Amino acid sequence: MAFASSVTRVDFVNIQQHGALLHANRHRFPNFSSLNLRKLERKIRAGSQITNARRVVEPEVDINDPEWKKHFQEDFDKRFNLPHLKNILDIKPRLTTFSLKSRRPIDEDNGAKNEDWNGYVDDDDRALLKVIKFASPTSAGAEYIDPDCSWVEQWVHRAGPRKQIYFEPREVKAAIVTCGGLCPGLNDVIRQIVLTLEIYGVKNIVGIPYGYHGFTDPLLSEVPLSCQVVQNINLAGGSFLGVSRGSPTTSDIVDSIQAKGIDMLFVLGGDGTHAGALAIHNECCKRKLKVSVVGVPKTIDNDVLLMDKTFGFDTAVEEAQRAINSAYIEARSAYHGIGVVKLMGRSSGFIAMHASLSSGQIDICLIPEVPFKLEGPNGVLKHLEYLIKTKGNAVICVAEGAGQEYLTKSNAKDASGNVVLSDIGVHIQHQIKRYFKGAGIPSDVKYIDPTYMIRACRANASDAILCTVLGQNAVHGAFAGFSGITTGICNTHFVYFPITEVIASTRRVDSNSRMWHRCLTSTGQPDFD
């Protein structure tokens, strides 16, 4: 029984390598990686009638093996087993100093009191990664392993405080760093990490200014953190510690960690930041350092694998309503008014989809995952003409990564290595004006881009709660001795994941999912193909 290695990126396949069969079916399977296309080819040749499938679960399995379920679960457990400091160091646990009954670090008996308090999470606690049992691969949003949609349990580690810890709190120096772009909730997470560390009894807490650069830039100094310092930082947006993209070499960062005497590093950021955190963890393991590296996933686009949502997303959707409402008022108030709103979403259209659903004012929602045509009888512009003739106005919501094939490609990249995107919103605005002028139909087009206003605002109540729990669980995970992990919410439960699994690819909107179908029902838009 052999398992294929985990896919590190979901790439669109070069169809020519897979022959005419897959070429003819490519439009039916737009989200498949090359590995899954090979699997699909075998199924089609075997006569499987799979007509509306989405990307299947990795890794590839040999379903002809009668014990494939057992082997799959063993491989899954191995992949999702959390890296621990005791795997590289000979360290012994001690009783925790964390208890809500005392509301302060526990000193008596060198650890937790023998009290009847069920506040700790057992190391063997797990939560289900997948909770839906699909009956058919043609079910909306179906995720399956074999053509029979067999149910296979996939358990991940539950987050929370453990009864045993692997650090002496009074000897710990903890550091926090925020990387990438701004996102609502950064200050909430920073604050909660500091408060929870102090409950454990940690006295030496610092912030690393301006992302990973703060480790090596001689002009940047550590920022001392305490309950008094961070008490009110959640009342403002941005990052109290500052952010930046890019980083020095991993070796230089770990040299700095050693020189500064850091025992715990909490990293707040997205895919690139987590990849950096994983590299730091691996280098610390190589040097056999007792350093726990724990990530808190930060992406306003909500595009991190395996998680229900990331902090900042709810706030972004809520704030996007202001821009959409303004576009709607402008469109409704003008003769043949058309409002265009561009929202964040480089490769994933979650903000645009959810904002369109929640506003109820969007007529057309365009996202990167669903190709569309601007011209032609089934194109966006023709549908806009229909909307203007029938209702007199229209509002379009477009994710920043949508329709990039219509724009001049740029070879420029930002400090994080992301390709600098051309402005699809401006392009659509110009195309609408051109089309209606050519058709002899008056139009009044207004374009709104609220990106930086949304990124810089304070977290709303929903995100503030999520940030609070994520910050607490990050500290619990570090004290439990885990490293190279990140914390998130999965099927309403808070869990820990190995960083390797959450950065394997980008989470994207499934065009066969019920949520996208709901968005289409809300907007009433046709297929623009």
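From the backbone N, Cα and C atoms, a Cβ is placed for every residue, glycine too.
Copied from TrEMBL, the annotated features are:
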DOMAIN    174-476  domain 'Phosphofructokinase'
BINDING   GLY181, ARG245, GLY246, GLY270, ASP271, GLY272, THR273  ATP binding site
BINDING   ASP271  Mg(2+) binding site
SITE      GLY272  site 'Important for substrate specificity'
BINDING   THR299, ILE300, ASP301, MET344, GLY345, ARG346, GLU400, TYR452, MET453, ILE454, ARG455  substrate binding site
ACT_SITE  ASP301  active site, proton acceptor
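TrEMBL feature annotations superimposed on the structure.
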residue: GLY181; record: ATP binding site; Cβ neighbours (10 Å): 19
residue: GLY246; record: ATP binding site; Cβ neighbours (10 Å): 15
residue: GLY270; record: ATP binding site; Cβ neighbours (10 Å): 24
residue: ASP271; record: ATP binding site; Cβ neighbours (10 Å): 23
residue: GLY272; record: ATP binding site; Cβ neighbours (10 Å): 20
residue: THR273; record: ATP binding site; Cβ neighbours (10 Å): 27
residue: THR299; record: substrate binding site; Cβ neighbours (10 Å): 28
residue: GLY345; record: substrate binding site; Cβ neighbours (10 Å): 28
residue: GLU400; record: substrate binding site; Cβ neighbours (10 Å): 24
residue: ARG455; record: substrate binding site; Cβ neighbours (10 Å): 19
Among ARG245, ASP301, MET453, the most crowded of the binding-site residues [Cβ within 10 Å]:
ASP301
Looking at the binding-site residues listed here (THR299, GLY345, GLU400, MET453), whose Cα lies nearest to that of THR273 (ATP binding site)?
THR299
Using Cα-Cα distances with a 10 Å cut-off, which of the binding-site residues GLY181, ARG245, GLY246, GLY270, ASP271 are near THR299 (substrate binding site)?
GLY181, GLY270, ASP271
Specify the nearest of the binding-site residues ASP301, GLU400, ARG455 to GLY181 (ATP binding site), where nearness means the distance between Cα atoms.
ARG455
Taking just the CA atoms, what is the gap between GLY345 (substrate binding site) and ASP271 (ATP binding site) in Å?
14
Report, in whole Å, the straight Cα-to-Cα distance of GLY270 (ATP binding site) from ASP301 (substrate binding site).
10
Cα distance, ARG455 (substrate binding site) to ARG245 (ATP binding site), nearest Å?
15
If you measure every Cα to Cα distance among THR299, ILE300, ASP301, MET344, GLY345, ARG346, GLU400, TYR452, MET453, ILE454, ARG455, the residues said to bind substrate, what is the biggest one in Å?
17
Taking all residues of the domain 'Phosphofructokinase' (174-476) together, what is their mean pLDDT?
94
Alpha-carbon spacing, MET453 (substrate binding site) to GLY272 (ATP binding site), which is rounded to whole Å:
23
